[in-house]
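**Student:** Found this in TrEMBL, in case it helps:
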- 2-304: domain 'EccD-like transmembrane' (DOMAIN)
- 47-68: transmembrane segment (TRANSMEM)
- 80-99: transmembrane segment (TRANSMEM)
- 105-124: transmembrane segment (TRANSMEM)
- 177-194: transmembrane segment (TRANSMEM)
- 200-216: transmembrane segment (TRANSMEM)
- 228-246: transmembrane segment (TRANSMEM)
- 252-272: transmembrane segment (TRANSMEM)
- 284-301: transmembrane segment (TRANSMEM)
Amino acid sequence: MVAAALTLVTLVAGAALVRRVLGRTDIAGAAGPPVIAIGAAAGWAVAAPQGAVGLSAGCAILLTLTVICHRLIRAGHWTYVAAAVLLSFGTVAFGARALGAAAPVVATVTAVVAVFGCLVVPVLTARLAQYPVAPVVASHADDPFTTSAAAVQPATPMPSAEQVWDRVHSAVLTRSGLLAGAATTALIGSTVLMRVDTGWAAFAFALACAAVPALMSRRAETWPERSALAVPACALVLVACVQAQAGVWPLALTGVVILAVLAVCGVAAPYLRRFRSVAAYLEYLAVAAVIPLALWPLGLYERLGG
């Protein structure tokens, strides 16, 4: 643990110096992934023996340290945003487990919140790329024949092209980091549910959680946002189909068939123009099916049925 702590301090200090002295954001940002990975591994080693309480506290501490590291380094924005989302979900999920909530319930609720978080992120971050403009006030000139209807306050300077680009780029990284964290949380929650209960209910729910971000990725405007949604979604489909092999043989066969169908669709998608309109309806259907399918592994339908 001492070696891990020294490594973290060295990485953070070196990245901060490179960013502030040399101005190299690319080199300083490269320290983000190893810092997060080493911190998460060290935190897990210390907190795991303490159970859910220790894991919840560990996630909260790591979340605080992640924010501090980002403030010190001021580079690698995407990595720290995604890690902060994951650690926030982890703090709440392990806290719920510490309070006595069942693992399937925590996993299902976490996945549902994460999936709908993917839907909310574009709306909440829509104004991040907008640069503040100078306020406009009505002209109070005494000349009634003046052609100037408004005057711009000179207090706010016009932003340069570099400033606008930096703001747009920062907004894209923030949005993609939030999407990556939420989609990865849905991946983890669905995987945990499939591991606890390898059945049709968990399998269908996992596919629905994968379908929403996968279909959302086609509407993303930039490649970081598309990757943040599509990569966890594809990973979730693969994990669900692999875990389905531990279930009954019809479920295992269904997993193999789904992988084969998706492989064929992935190859043929660029040649199918009509698929774009179909994908829009499939996205609405997937979003509408998330909550009904979430109630299935929780056993609500069995209780209603008798």
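Any Cβ shown, glycine's included, is placed from N, Cα and C.
Please treat TrEMBL annotations as automatic predictions, because they have not gone through curation.
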**Student:** Need a quick answer: max count of Cβ pairs under 8 Å to the transmembrane segment (228-246), which of 80-99, 177-194, 200-216, 252-272 is it?
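**Tutor:** Maximum Cβ contact count belongs to 177-194.
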**Student:** Looking only at residues six or more beyond either end of the transmembrane segment (200-216), which have a C-beta under 8 A from one in the stretch?
**Tutor:** 108, 111-112, 114-115, 118-119, 179, 183, 186-187, 189-191, 193-194, 229-230, 232-234, 236-237, 239-240, 244, 247, 251, 254-255, 258, 279, 282-283, 286-287, 289-290, 293-294, 296-297
